[in-house]
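Accompanying notes for the structure given below.
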Ligand SMILES: Cc1ncc(C[n+]2csc(CCOP(=O)(O)OP(=O)(O)O)c2C)c(N)n1
Ligand SMILES: CC(=O)[C@@H](O)[C@H](O)COP(=O)(O)O
Ligand SMILES: [Mg+2]
């Protein structure tokens, strides 16, 4: 029998199916998602849990005239499958293939590009207002998860939408999960586990009455039932109704027929409406349902029959594990050290800290801004907070870093995981900008470890500083060096990984993980008779200007390497230092290697680094080119921002 999915190239084909065929279509979509994710990795659980919602929304609404706006966008695989991308679906998250999230450039059905959480309501409301002004037609629908609702920006959107009273449909996909089980008072409210103050008052009154006088069983029963009835008056909808939304639900988010019927009714309503749908993360695929927080959220390659990872990696642990263990050790050593994550207990490794130190570890929800200001408050009282946030997500909290932490010189430590290229998540998730956006913050000490011992030392250094500090590390395995006891490093002092001879031909200065690639490059160059000294900067701020300038004065050739954007990053800091100390004017040739002024797309991070000339071979090539080039006169630079190919 031909699969229904094979007949669907556009939402129009989907609409042509009888409603009774939709459950079968949903099962076929599930099979496709599991089969493809097993080969490419991906956000399996979120997408499986939202299949019926995706299908019903496309069945009822008329994309792209009606706009479907996804929050995070990791639940949109079914949407991709029914909007003409079925034939390319097997390329999901691979280089040149479909992106893991909606992207406006990928399809006219991707109304809004996404990857970071909590944006859908604001974007959808913007579209509603734009259409009002410009006279466009069609409905705007935002599909938002309960986890995304823990982000303040989602409430900023609800706040304005409820006030403006425009036509906006918000579909709340509530699976009680963020990546880990969802946290927070709103999440509890949605689960109706919160008794209202009025219900509590009734309960107290009833208890008092029961204590005061003897009552028959029947009276007691009646009074108990009165209490339960008072509690039942507290519904999840009250929250949204107070914000000006009409609330509908909760409904079964897996009954596609009923969803179609409900959505068709809601499509005719005017004003802000919120449909509350209950779903299960990983729905329909047992391994994902059983282990929603890890296998159920996202997986790399796996065996579709068992859900187990296809390959088990041996070798050094990921930097994340080293960091989490180092932080646990610091928390054991010093009771003032606490840990904070914004909904990434698994991703940052802080689950380990939470297990050992539940009172000193907080998951604050998808609330990076709050996480930073919360840490500032803790630091005011003498506590030593470590805020572990991915480089890309910390972008959100820049003002909090500047205004709440740095301005007050508070000793908050920022541990930035996923710094550099992250691979399959692509443009929205690359840790490209942190060196640039943190380097400009006055008083913040900014470090980049070149191996796992350096990470341990930098954590210790940060915890002993009187003000704010940050260190960044990549999404990959550590170097595998024998473990050293953590120690505080001298602030602002670089270290030589390879000193070179009395007068080396070139200095390679690197920030963080690329230092080891630079070392390999230097070894290869050495075999060719080129003497390259390798400086591990350790500190991007304060930069060891003296070591750098002294070293460069002899060879007058410098190659800088960083896995971050060239604009405003480590190489830029080196140029500034050379210029400030008059070394540039002496005619120094500088090649800066890093990420270009473009958004780097999804693909294999290792291959992308090679394409960008940031692996050992690429660094060696740049050195050869620099040595082959004529020495520039005066202060001319050879800035190699153009090396490699931007995939974005
Ligand atoms: C600003 C930001 N912080 C963190 C994340 C990481 N993240 C991606 S999905 C997710 C959980 C989202 O939960 P929910 O919206 O309920 O969707 P579900 O996965 O449950 O379908 C988190 C924390 C993110 N994408 N954006
Ligand atoms: C959608 C999202 O933001 C996260 O699920 C992210 O994809 C996790 O990335 P890691 O796999 O690097 O933890
Ligand atoms: Mg959820």
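A Cβ is built for glycine as well, from the same backbone N, Cα and C atoms used for every other residue.
TrEMBL annotations: computationally assigned, not manually curated.
Long-range C-beta contacts of residue 368 (thiamine diphosphate binding site), restricted to its own chain and to partners at least six residues apart, with a cutoff below 8 Å, comprise 342, 389, 393, 394, 396, 397. Under the DSSP three-state reduction, residue 368 (thiamine diphosphate binding site) is assigned to helix. Under the heading thiamine diphosphate binding site, TrEMBL lists 74, 115, 116, 117, 147, 148, 175, 285, 368.
When other Cβ atoms within 10 Å of the Cβ of residue 175 (thiamine diphosphate binding site) are tallied across all protein chains shown, the result is 25. Taken from TrEMBL, the feature Mg(2+) binding site applies to 146, 175.
In the predicted model, the domain 'Transketolase-like pyrimidine-binding' (317-481) shows an average pLDDT of 98. Under the heading domain 'Transketolase-like pyrimidine-binding', TrEMBL lists 317-481.
A separation of roughly 14 Å, to the nearest angstrom, links the Cα atoms of residue 116 (thiamine diphosphate binding site) and residue 146 (Mg(2+) binding site). Residues 74, taken from the binding-site residues 74, 146, 147, 175, 368, are distinguished by a CB atom under 6 angstroms from ligand 2. Cα to Cα, residue 74 (thiamine diphosphate binding site) and residue 146 (Mg(2+) binding site) are separated by 13 Å. Ligand 3 lies under 6 Å from the Cβ of 147, 175, out of the binding-site residues 116, 147, 175. Taking Cβ-Cβ distances under 8 Å and a sequence gap of 6 or more within the same chain, the neighbours of residue 147 (thiamine diphosphate binding site) are 117, 177, 178, 179, 182, 343, 365, 366.
Long-range Cβ contacts of residue 146 (Mg(2+) binding site) within its own chain (separation 6+, distance under 8 Å): 172, 173, 174, 175, 176, 177, 178, 182, 187, 190. Residue with the densest Cβ environment among the binding-site residues 74, 116: 74, by other Cβ atoms within 10 Å.
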